[in-house]
Amino acid sequence: MTDKPKQYVKEMFFRPQHLHFTGIGGIGMSGIAEVLLNLGYQISGSDVKLSPITERLAAMGARVFEGHAASNIAGARALVVSSAVDEQNPEVQEARRISIPVIPRGELLAELMRLKYGIAVAGSHGKTTTTSMAATILNYAGLDPTVVVGGRVGTMGGSNARVGHSDFLVVESDESDGSFLKLAPIIAVVTNVDREHLDHYPDLDAIRAAFLEFVNKVPFYGAVIVCLDDANVQGLLPEIRRRTITYGTTAQADMEAGDISCGPFASEFRLRYRTADLGRFRLHIPGRHNVLNAMAAIAVAMELEVKPDTIREALETFSGVDRRFQLRGQERGIAVVDDYGHHPTEIRATLDGARQCGFRRIHVLFQPHRYTRTFHLMDEFARSFHQADSLFVMDIYAASEKPIPGVTAESLVERIRQFGHRGVEYVGTLDRGVDALVAAASEGDLVLTLGAGSVYQAGEKVLERLRTEGKG
């Protein structure tokens, strides 16, 4: 018998209409916009600056405006906003004036999931890579999921979204503003829990409570997949009320990785799942943290009855995610890599992975991201760079935040020195950072740009300088 009420709701939701996205160039907003474009919606949007992301959406049929203005939302049935958009935005004010709904991004994502079998990946770090791996495996296995992820994925044609024709939806959730609590997945993944987004959460206990609420929203027939290597995740286990699958590098985990080896831009490991030896798996990305990310994705796939050999083949096709230890190029024997890492835990994991690749020396250009994060995690940042032979620090990328007195790149550099790093230097600007990297690097070295702001622009500049100056 047809489920007529559910079918009616689907038809009502997927009836094409005009939605406007304020901040459409954001990685999270653009993914949902792309999915809705492919479902036949009329999409418009605006952002402060146009970008390759907005150009892609425009080529797909979206109408994109540079800058925010009340006139941009003419004809829209609803306004979609990210947590970065406040009530003073002229488009929000116009939406209030003409009485059309203002929908948070997380709420719209939850509506998409309500009509699908949702797999949601959460965690303080590793979400994008884990989500991308899970999506790659499920698509390779023929499950044809719809996907929304916070990074551009090679196996998805360089996009951060895809529309599948099955009832599966794979999403990267967003704990930064608590919006992941709107989701109701049948499978929930937690990669780790850390002190992050302290502009939203008062303390670590509040963060832990939010993740616990998230996993306990899974229905009784669903599953929770968590990393047993993470101490804060271990602390959640006694209070998780749903069927739980653990993964990690300990024999206590349901899924255990062993015999881990990492080389230049690759990792291998042997996998045990309960009593079964699943054999060796190979990744084209380095680092123990990426082995853990892969294990979470493998656990999702096995929960959906994908065969181990299919999973192994799918992971061989996965080349990584944009800005996640991404090789930008090599010149004169010097590798230039870019990474989005902007939290101390991410930085340590990235540098540990880089060190395992066998480079002679590692030179880092780091751009701190947000004054609040730098303030709350100053000492953690100061402990995070000891695997870097030289470290050059740019000014803080504000990300719309107002400065905090005494919280500067210079104060961070001084704190890093106090914690024992002898090769740290304040450079301030991108161009001075490029100068410092070119002067420091020699054959066999790694140049690594780190941060969530504009620091990625340094990579191509370094490569061009190495080409033209014959540095080596």
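Every residue number used here counts from 1 along the chain in the order it is shown.
A Cβ is built for glycine as well, from the same backbone N, Cα and C atoms used for every other residue.
Taking the Cβ of Thr129 (ATP binding site) as reference, residues of its chain lying under 8 Å away and at least six apart in sequence are, in sequence order, Gly151, Ile285, Asn290, Asn293, Gly320, Val321, Arg324. Under DSSP, Thr129 (ATP binding site) is assigned to a helix (H, G or I) in the three-state scheme. Taken from Swiss-Prot, the feature ATP binding site applies to Gly123, Ser124, His125, Gly126, Lys127, Thr128, Thr129, supported by sequence analysis.
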Lowest local Cβ density among Gly123, Gly126, which the record lists as binding-site residues, within 10 Å: Gly126
Spatial neighbours of Thr128 (ATP binding site) that are distant in sequence (at least 6 apart) but have CB under 8 A: Val149, Gly150, Gly151, Glu172, Val321, Arg324, Tyr340
Cβ within 8 Å of the mean position of the Cβ atoms of Gly123, Ser124, His125, Gly126, Lys127, Thr128, Thr129: remaining residues of the chain near ATP: Val121, Thr130, Thr191, Asn192, Asn293
